[in-house]
Amino acid sequence: MCAAGRRWGRRQRALLWAVLLAAWEAAWGQLRYSVPEEMPKGSFVGDVAKDLGLQLPALKDRDAHVFDTGRTRYFFLDLRNGHLSMMEQVDREEICAAVAKCVLSFDILVKRPMNIYKGEVEILDINDNPPSFPEGRSVLEISENTAPGARFPLERAHDPDIGVNSLQNYECSRSSYFTLEVKTGDDGVKYPELLLVKSLDREQKAAHNLILTATDNGSPVKSGSTTIEIIVLDGNDNAPEFTQSVYKVTVREDVAVGSRVLQVTATDRDEGPNAEVKYSFFKIPEKFDKTFKMDPESGEIVITENLNFEEHEFYELVVQARDVGGLSSHSKVLIKVVDVNNYVPEIVIMSVFTPVPEDTPLGTQLLPADSGALRGVPVSHFVGIDGVRAFLQSYSHEVSLTADSRKSQLRFSAGSCCDTLPARPPDEASADLVPSGDQDSENEYPSGRKGMEVRSAAQGRAGAGRVALLAAVLLCVWGRAAAERLRYAIPEELGRGSLVGPLARDLGLSADELPARKLRIVTGDEKQYFTLEEDKTNLRVNDRIDRESICGALSPCVLSLEAVVENPFDIFHVSVTIQDINDNAPQFDREFVPIEIIESTPPGTRFPLGSGRDPDIGVNSLQNYELTPNPLFSLLVRESPDGTKHAELVLEKVLDREKQRNHHLILTAVDGGDPIRSGTAQIKINVTDANDNPPVFTKEIYTVRLMENLTEGSFAFQVKATDNDEGTNAEITCSFSNIAKSILQLFTLDSKTGDVKVTGPLDYEERKYYELSVEGKDGGGLTAHAKVHIDIIDVNDDAPVLSLLPILNPIPEDSVPSTVVAVINVRDRDSGENGEVNCKMDINLPFRLETSSENTYKLIIASALDREKVSAYNITITATDRGRPALWSSTELVLEVSDVNDNAPVFEEAAYSAYVAENNAAGALVLRVQARDADAGANGRIDPFVENWTVAVGQCYFDKVLDVVEHVYH
């Protein structure tokens, strides 16, 4: 009867556990609730009792409670009403961050009978966070040379909310220079970009301030803003400007060497190095370069050698102002040299020796006294006789120069003679011709010769120089001074002996009277350019006549001579005009003319090319300039006040150094002679860089994959940008642009090489990717941007974590197989195979593991238990992931087996016999019997009794375990 009861108990318990298991499996994942975040503690989540069909009084009796699978308990079960309520206030952003569906899982355990109900609560987002920018103010530097259309990534705002409560749009304050564009990345994140729509001008406005606002679409709408300060960097877009287009100055020719002539000034509206101006002469003749010197810093022009009015009355210089960026401008400096009285007059007196009657009337002209300084400056001298002494009378006349020796006195005699007059000190106020003795007295010369003295003083400042009285031929006879002038014109470069003109005929002299008249020519030149034929009839060329060497640019070029005849005496002035022939081609001072033009120079800018030289005059001189056809340049010819033509190069189109660095042109100077002559100069134009090209990254988006276990300092990747400019304009500096400080702690960017290294720990489980923005800026301030998408590759760096939920402990030893003993939850933060976990346990145990759901295992009884054989099990459960190398973790579960009364007491002997003496006293020991029971506790305690004294031995049944049973029968 007892054995049958025990067998029914085992079947009943096995059925109970089977029903429990079926109910548990059916209820798995059954409960689902949703609540907004930030609900206060104790807030209602769901009616568990109703949803599970459980009776309220039974919940408490069955010890129902919530088992959270996470580390923090967020929910509790109120046994009074069966409601699931909030244990803690939940911040969705803190728990799930940007995960769209934020779910918290829990289990509800109900005992007697055992049931497990799985549930999950979705935490709904509320608009509790406004969009926010990392910084309240950001600075953006943009070069004024940046072309419209350039984009500048802005620092994006962060909104931890999701869905419509997250950041939805950006807005920017109005600006005529900028507009805002919003782009959406592959991850759905919105990125603001500033678009330049109008060229900037730092000189007009050096800074712009914008307000960038980020808004969500929650209810109510929340927003956040930041101020963007845009600093416009100077782009050297302004050339220096002179204060005057033409500087005019007048200087005396006797100004001392080292004296300052004038100072030119140019200003530049740019700033910094772009406003630093250097001055220099621009393509001036070498001879001028030796005469003047310009200070490159101050613009002062000083004299470096003596000026000579007689050589150069006028200087035209071109000065250049150039900034550090290569832009330049030009101005003209016109220097007029003022003549000073630094040459003394020279007197030429021509005469033949003929007696002068003593009764000659007052005022009779004896001779023309020619006097003057270099370059024909007139001096007022005239010789007259008043009966006592000669007097000086004002007169303007021509001057011829000769050179003779000096003597203290000139004596006159009849006939031809030539003597010298003494030079008087220059400070005497007049030049007089006076008799050397009394006119009525006899003199020392025979035939009535008179001695006279000539004194001459220059009109001008005292002490200007000695008076040079070079030669004198005094007319001492009656006669008339003929003032008639004969004029001839011949081309230059005639051969020797070429006919100039029939002099004798033009003077009205016949061949018969030529011998008596003694026709001869007198010149004041050192070289005798002309001569008379032997028969004295024709004037011919005696030496090579080069108009350019004799007269230079003077026009007309006249050579003067005097034709003298006697009997009677007469002087005829003869002038020979030397006509120019086109024997010289125009020439340039330099065969090669280098010009540097910055590529940002605006069309219309002019560049002086200087002027060619042609010593010829008139139509034979330089008449025009021509330039080889070129679509980028044209030629402008200007004429200065002195008639000189100057060529200027005009830029017609914008240059592009990156397309063509050099341009070669041929400048031709042509005259108007017949035949036309020309000269050329080669113009080499070097286009200098103007930083008109921003850097360009090799990729718009760099996609990088990094292992999460990279050590600090490891090379991650490289960004690379190129710039078509050159020099400092092509030097690129790389940097991160508008990224969070937390990311700056993880990566560092080498500004020169573009190498990015890891400087902090990368954890795939915390963040699976990073979006970075990099900026490349060249030396001129132009920028480019690129995005870097970094995917973090998971490595098996997290071991599985086991959570145990014991259901039966201790376990009744009569539990049937498949009874659930415990539930094991496994979590592995890794992903992929690294997060796939396999659980196992020790072998040769009456238990096994079965997969219940994802990451959940059941520990069930595999075979019958026998407490009397094994009363407790120490089970080690090991969870191993599939990573390489695999990581594992283990936990120990100690399960005790509870006793059931499945063992009857057992006597040590099947039968006991004893002999009792009949005379034994009462209480004497008759027999000792002993029985044992393998069960524990009450099930193993034995209570002996005598069933029937009429039988030799009775049977005893024991209710509990006894090791030794000793009974004394009385």
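Using N, Cα and C of the backbone, Cβ positions are placed for all residues, glycine too.
TrEMBL annotations: computationally assigned, not manually curated.
Summarising the annotation, TrEMBL assigns signal peptide to 1-29.
Per TrEMBL, domain 'Cadherin' is recorded for 73-133 (among others). When pLDDT is averaged over the domain 'Cadherin' (73-133), the result is 86.
The annotation domain 'Cadherin' is assigned in TrEMBL to 134-242 (among others).
Sequence annotations record features per position, and here TrEMBL assigns domain 'Cadherin' to 243-347 (among others).
Here TrEMBL flags 421-456 as region 'Disordered'.
The domain 'Cadherin' feature in TrEMBL is assigned to 482-588 (among others).
Per DSSP, the domain 'Cadherin' (589-697) is made up of 3 helix, 57 strand, 49 coil. Per TrEMBL, the feature domain 'Cadherin' maps to 589-697 (among others).
Taken from TrEMBL, the feature domain 'Cadherin' covers 698-802 (among others).
Taken from TrEMBL, the feature domain 'Cadherin' applies to 811-907 (among others).
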* **Any contact, the domain 'Cadherin' (698-802) to the domain 'Cadherin' (243-347), with at least 3 Cβ pairs under 8 A** => no
* Which of 243-347, 482-588, 811-907 has the most Cβ pairs closer than 8 Å to the domain 'Cadherin' (73-133)? -> 811-907
* Structure fact -> What DSSP reports for the domain 'Cadherin' (482-588) is 13 helix, 39 strand, 55 coil
* **Helix, strand and coil counts within the domain 'Cadherin' (698-802) (DSSP)** => 8 helix, 46 strand, 51 coil
